[in-house]
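Here Swiss-Prot flags His554, Glu556 as active site, drawing on sequence analysis. Marked as ATP binding site by Swiss-Prot: Ser1083, Gly1084, Gly1085, Val1086, Asp1087, Ser1088, Ser1089. As annotated by Swiss-Prot, domain 'N-acetyltransferase 2' applies to 318-484. Feature annotation from Swiss-Prot assigns domain 'N-acetyltransferase 3' to 612-765; the stated evidence is sequence analysis. Per Swiss-Prot, domain 'GMPS ATP-PPase' is recorded for 1055-1250, and the stated evidence type is sequence analysis. Under the heading region 'Insert-1', Swiss-Prot lists 120-500. The region 'Insert-2' feature in Swiss-Prot is assigned to 597-1071. According to Swiss-Prot, the feature region 'Disordered' maps to 1011-1036.
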Amino acid sequence: MQENNVQILVLDFGSQYTQLIARRLREYGVYTEIVPYFEKLDSIKSKNPKGIILSGGPASVYEKDAYKPDSAIFTLGIPILGICYGMQLIAQHFGGRVIKADAQEFGKAVLEIMESSQDSKDSSCFAFQGASQGIQAPMTLSFDIFSHHKFPQMLTALLDLWEDSVQASHIFLTKQHIAEIRLEVKAALQSSQNIITATDKKDFLGFIGVEKNKIEMLFVASSVFRKGIGKALLKEALERYLKDYPYILVDCNEQNTQGLAFYKSLGFEKVGMSEKDSAGRDFPIVHLKVSKAILKKALERGTSDSVANAFVCESERVFLRPYTQADFAALHKIVSDKETMYAWGQGFSKKQSQEWLDKQLAHYQQYGFGIWAIIEKQSGAIIGNAGLNHTEISLKGKTQKIVEIGYLLHRDFWGKGYGSEVARMCVKYGFETLGLEEVYCLIKEDNTASIKVAKRLEMQKVGEYPKPYKGKKISHLVFRLEKKVWQESKNNATQGFKSCSLFKGIKQDSIVWMSHADKVESIPQGFRELAKSGNTHYCAIADSKRKIYALQFHPEVVHSECGGQMLQNFAVGICGANTCWNMRHFAQNEIEKLRRIVYGGKAHCENPMSFMQIQEAFKHIGKAQTIQRLVEIWEEGARATHKDLSENEIAGMREEIREAILKSKNLLIAQKNEEWLGFIEIEKNEIAMLFVVPKAFRKGVGKALLKEAFMRYLGAFEVIKVNSLEWALGFYQALGFAKTGKKPIPAGSAGAFSPELIPLSIARESLQKSLGLEAQDSNEGVREKVRCAWATDKDEAARKLYEDYHDTEWGEPLHEDKKLFEHLVLEGFQAGLSWITILKKREAFRVAFDDFDPHIVANYDEDKIKELMRNEGIIRNRAKIEAAIINAKAFMAVQREFGSFDKYIWGFVGGKPIINAFESIADLPASTPLSDKIAKDLKKRGFKFVGTTTMYAMMQSIGMVNDHLTSCFKCNSSLGMQCDKILDFSQGTNTKSANLTKNPKNLHSHTANTRIVDSQHTESSDIKGQSHLESSADSGSAVSLRDFKSCEGATRGSYLEGNDRSGVANSLKITKETTSKVLCAVSGGVDSSVVAALLYRAIGENLIPVFVDTGLLRKGEREAVEKIFKENLKVPLITADASELFLSRLKGVLDPEIKRKIIGETFIEVFEKEAKKHNTKGEIKFLAQGTLYPDVIESVSVKGPSKTIKSHHNVGGLPEWMKFELIEPLRELFKDEVRALGRELGMPESMLMRHPFPGPGLAIRIMGEVNKADLDLLREADSIFIDELHKQSYYDKVWQAFCVLLNVRSVGVMGDNRTYDNTICVRAVEAIDGMTATFAHLPHDFLEGVSNRIINEVEGINRVVYDITSKPPGTIEWE
């Protein structure tokens, strides 16, 4: 199991703000932990983090006895980032001066970045504006998220921009139309959460609104039409919101010709048409669609095409571009200025300026480069010249041709760092673009500013040269910079700020939270200033050589976009942290960890090696992350086996490997416990790549990969080939490969950096034998490819169709939405027919149904239906055609709800296929409870022709269930993918399964043979002692039990005990090696329920979950909890009803603290009594509780460790005999992460999103004495409030909501009668973590409705009030 390896370690003393840092980094997939400042160095080293963050709150570095981190952390050689207090600590430790502030101050300030990456563009997209010099100069756009709730004052400005835009582009609209549509746009702006605005720091230039994968709004001010604003907004939306969708949709008015042209220029294609707009107006709407890949390329091309003539290279503030004749006036203004040209001795005349310009234009033609114009981005003005020039010099008596860099700045721009900026760009261009090995710079002896620049670039003085000019020889110093030095320079001076890319992508003038507490007045030696902000003395400093960075930002800044970006830059860009952590990894790891704890340090089984195709990896972790991880596998191996490789060679080979991986089709990845161990790529009959991580060397991984590849691909060829590296010859020759006799392939043939390769080959039978894959009596032979019995036909063409389908599709996991829709439609058409009929007509179906694009199919009209009914190539059944159209609409509705149909349908099996081990067709069921469940849900959503048998067949065809028979060669191959859900049917099947051959109506028929799929999760499947295994599968859990005694026997991927599959059934019997049990108190809340579900997945019936009904629960609480545990979680909950006991002991008690104490003591008493029933032999060894990360770190003191944990998060006060060993599975998680874990475990959203509920229950929501009558009254009122919140969709928008019975009576009027009844207080708050909270600004009409319902429906209440107190000063609960 891949451990949750710490990537970033945050050292802190318990600041709640520091939690945000860990949470934000985990959002980026970077696993982050928080430990106290006083953590021992050995403990820190043992965690082996890739980076450390020193955070903390207001504790001064001067505070007496305050704990400080061990200073030895600065010697570990890993990057360190100090934030707030961490910055002060760093500054003081390295000799800087820190001044103590009189008082803490926090506020917002403008961030001014002093230096940023010279190698990367500004993170904002560039639009272009005309400039006086006749060029296109980029205007820097700022992008912000618009929220009407936060910025209501901006609404009018955006509406005015919209109106300006449509008046210019929608000339067909009348004033009445515009006024009408303006109201609709206003409503959309008020309700949408995904609106991005573009400004030039003064005015709004445009905005875009998206919903899932659809562009709902895109408008640009008429003054900046055709200047790239629309593309810039689209690019920003693609990066923020649309990047996870394969296709992007947009609707455009047919009469908006400018808009249609714009979208079509970006690759959008028409996929449908509506005669009316969404409001029913007679405006035809064109439905457009484009793939993400095409749009991304179009936007990149659009940017580069627009900029191609504008710049050669760029930095944060300027870009360089070739001069044109139109630039003469601007050029002459600079070179004619005597002060600017002091190094030349005089200014240029117009003739000299023209001659110089002609020379550069000629150089562009001759060399492709020369001296270029420096364009300041902000103004668009030419401010000088910079570039490279061919020249000849004599150095140490030897004449040589060189390329020199040079620049000239107008005097108004001296002393502002532009010299270093343009010099760095020229150096980079020379080395990276021109491929030079060295560059020179010739500087006059008295030009001290330029000499400083040369030294900053680490150029070395190599001599002097008298440079001729106008008949004179002017002495110049000669500086040289070698490429090797430039590359190896640790402080990356020539690359600008790349090594310290803390501010990469951060916009200049960003608004950030600042901490004006103790300030750094002077920075230590070796540090430099990175940014300024507000009135802090120093805002950001760094020592890039030691990789130590410090920020004065208040940790609250991590809430912001730029704060998150800085953290990501540090973790990923500087520390090289991987971003593969996710909740699934955590869940799987935690299950294994819990088993080891409970079962005496031993996990119940060693998970086998499994294999997945690269396409599956793309689906799980994304394309970029997959390729990065594969390249890392290659690089680790390369560095271990080729220690003589230079960094330059590694870098070159890395890119070649990346390209090869990108182009690969048949690439398999070996993994064990989610850890990637190696990969193999096959091209026809050739092994193209085979790489293994060093720690897996000589452990059979390479052979296992080759074995898997043989089973899947290579077994079809007579001869298998490979071009081997010299050092790998032994591996291949041991398997029987021999040299072909051909000459070795020279180094550099396959790629610029490819090494020499030796051609090898082997006969199929020989490799089959050496891999241990010889044919056995059990029909495992590869030679003849024994298939499932249904995959044949008397007709040769039909048999070939069946075989191809069986070998390449059937049972293979499918995740592409369009293909899933195809299968859904074809399964419906197949109903009542043989599957071979579908296979023969499939290509015709694809043409007829527009390649099964649901967006197109959903818009089919009567004419299209008639056209399809005339198509002889398909099955002409009107009901099924109409069903396909209906299903397309329902399919898109599912996509909108779940993000993709794939996510919805695979959610039924937790994202992993169910793999069965049937021996004959007679064992196969026609349907299962799971297919029943899917069919029922699809029908509820409006789908047609989705009966349970049809759905079972579809589950098989898309690989949700794998029913390849044990005799089939694909069974071994597929079993390598997952062992999580293999179930044992060897002990018997139900009557329905056993009698399939007697009842042909149950068969999903191909021809005379039967295509039937998926295992049944029923009681008849006899897995003794493991009924919870079926439960796990039924619940759709993404994390299923792996508690198999000999799990490796169930999958061919282990290779620890050969390839014997005879023990599949027996391998699934679990033996209980220990009687240790875990006691868990369940309250019905999110935390304890997740703990119980997680533990049950890990240890099954060794968990004792106890739910105590105190009688203080909300209406229907007990019934809801019991139902969820029984039906959703499949966890056998033990309920102890002690309601009467609790009420009797609370009688007459008024003081809230005494209430709490009584409830706590009574709970312990009941809990103890229930525990004793299950501990007769001392089996209970552990106590599980839902302690979260905030509970752990909030207990840490500034001055040292504290063993106390907040009592309301624990079962405190347990008797001595119950002092079990504590298990806290959630102690590394935050509340939102606990919910994410619950989703992975298949828990229902209704449970996960429940509001917090206090341990003492309703007792502290009744002011005064607690009795049954008041509890019933409060339950009714509270139930009404919660019900209304759900109805109006406010429930999920507030952190917590409830009613309080004040026990304050007041006079009221009901009809003609006066009343004197009780008062209910309604409370709702908004919060992030409950540390602070503000009252929810619920609409008055909503509150009025709640009040009316409570007063009318709850007898005894005649007044309702709303609590508008925030925290602080108040608390969320009343007692």
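A Cβ is built for glycine as well, from the same backbone N, Cα and C atoms used for every other residue.
Taking the features listed in Swiss-Prot, we show where each one sits on the structure.
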residue : record           : DSSP (3 states)
His554  : active site      : coil
Ser1083 : ATP binding site : coil
Ser1088 : ATP binding site : helix
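When the Cα of His554 (active site) is compared against those of the binding-site residues Ser1083, Gly1084, Gly1085, Val1086, the shortest separation belongs to Val1086.
Apart from Ser1083, Gly1084, Gly1085, Val1086, Asp1087, Ser1088, Ser1089, the residues listed for ATP, the same chain places the Cβ atoms of Val1082, Val1090, Val1091, Gly1186 within 8 Å of the centroid of those Cβ atoms. All chains included, 20 other C-beta atoms sit within 10 angstroms of the C-beta of Ser1088 (ATP binding site). Of all the binding-site residues listed here (Ser1083, Ser1089), the one with the fewest other CB atoms within 10 A of its own CB is Ser1083. For the domain 'N-acetyltransferase 3' (612-765), the model gives a mean pLDDT of 83. Here the binding-site residues are Gly1084, Gly1085; the one with the fewest Cβ atoms within 10 Å of its Cβ is Gly1085.
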